[in-house]
Amino acid sequence: MKRVDGKIIDGREISRQIKEEVKQEVERLKSEGCTPGLAVILVGDDPASASYVGSKERTVQALGMHSEVIRMESSTSEGELLGEISRLNDDPAIHGILVQLPLPAQIDEQRIISAITPEKDVDGFHPVNAGKLMAGLDGFVPCTPLGIMVLLERSGVDLKGKHAVVVGRSNIVGKPMSMLLLQKDATVTVCHSKTADLPAITKQADILVAAVGREAMIGREHVKEGCVVIDVGINRGEDGKLHGDVDFEAVLPVVSKITPVPRGVGPMTIAMLMANTVESAKKTCGSQNN
Ligand SMILES: Nc1nc(=O)c2c([nH]1)NC[C@@H]1CN(c3ccc(C(=O)N[C@@H](CCC(=O)O)C(=O)O)cc3)C=[N+]21
């Protein structure tokens, strides 16, 4: 049991550390008259989205930051949402703006993301921030891949010269993840739904990041002995429980480290959102009188 325990990367514990560090920063900033503020916009009443937004709101408050949650009806027009974003872009008390995804079908996600000022885009989804990441310039990095980098670092995983395989090519996880791994001198392969012979490639991985969105997609046949497995999946099973993209029990005996679901990557996403919001506040508070 002990040996198995040592393999599990405790995302909840590492997220607690990050949040504690962020809290100290918030206290310091507040003593200088600057309260970091995060605005979260939720359109519609999807229960999973509502629950994530609730947990973001509680975390913001627990860290002593200013929280604004805007709940809009599922029939909200693109224009109405753009109006709300424009107001928040101009609000000096708000340093981060997050529009909870996915959005209802009548709203163009890319247009909404592009309307958020890049300086307040703490999700790191704006094309300017995506471009900065690719160019190696300072900007906001998407919270999930950023949280994974912190998990790897704090678990003592060295990436230099290692083969990292990312399964999934989304703008939110797969693509930014591959850039961050590349920055740390890993050799990076990105796989996706059209990849031929997935197991042949994932079996070469020293570090395997699974971000496909399909329960237990990654099994014993996909991993080599000693691999570090990062499970980004958040699939709600028929049992009502959260399941990862990895068949945890099947790969556990062969991996050297693995993140569980829940209590792996998920809590880190929220912690990094807080960290990004405080970074944003640090940059702008001095130049504004709020
Ligand atoms: N603009 C935007 N930014 C996001 O960052 C964003 C989003 N939209 N849409 C939805 C996804 C999903 N997401 C999660 C955050 C935390 C957990 C998390 O804390 N999960 C817990 C369990 C939570 C539970 O039990 O439901 C865990 O894995 O231990 C999960 C998922 C952020 N997202």
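In case you wondered, yes, glycine gets a Cβ from its N, Cα and C as well.
All annotation found in TrEMBL is predicted automatically rather than curated by experts.
Positions annotated as NADP(+) binding site by TrEMBL: G168, R169, S170, I234. Per TrEMBL, the feature domain 'Tetrahydrofolate dehydrogenase/cyclohydrolase catalytic' maps to 9-123. As annotated by TrEMBL, domain 'Tetrahydrofolate dehydrogenase/cyclohydrolase NAD(P)-binding' applies to 142-284.
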Averaged pLDDT score, the domain 'Tetrahydrofolate dehydrogenase/cyclohydrolase NAD(P)-binding' (142-284): 97
Those binding-site residues in G168, R169, S170, I234 whose CB falls under 6 A of ligand 1, listed in sequence order: I234
For the domain 'Tetrahydrofolate dehydrogenase/cyclohydrolase catalytic' (9-123), residues assigned helix / strand / coil by DSSP: 59 helix, 18 strand, 38 coil
Max CA-CA distance, Å, over listed NADP(+)-binding residues G168, R169, S170, I234: 16
Helix, strand and coil totals (DSSP H, G, I; E, B; other) for the domain 'Tetrahydrofolate dehydrogenase/cyclohydrolase NAD(P)-binding' (142-284): 54 helix, 26 strand, 63 coil
R169 (NADP(+) binding site), number of other Cβ atoms within 10 Å: 18
Lowest local Cβ density (other Cβ within 10 Å) among binding-site residues: G168, S170, I234: S170
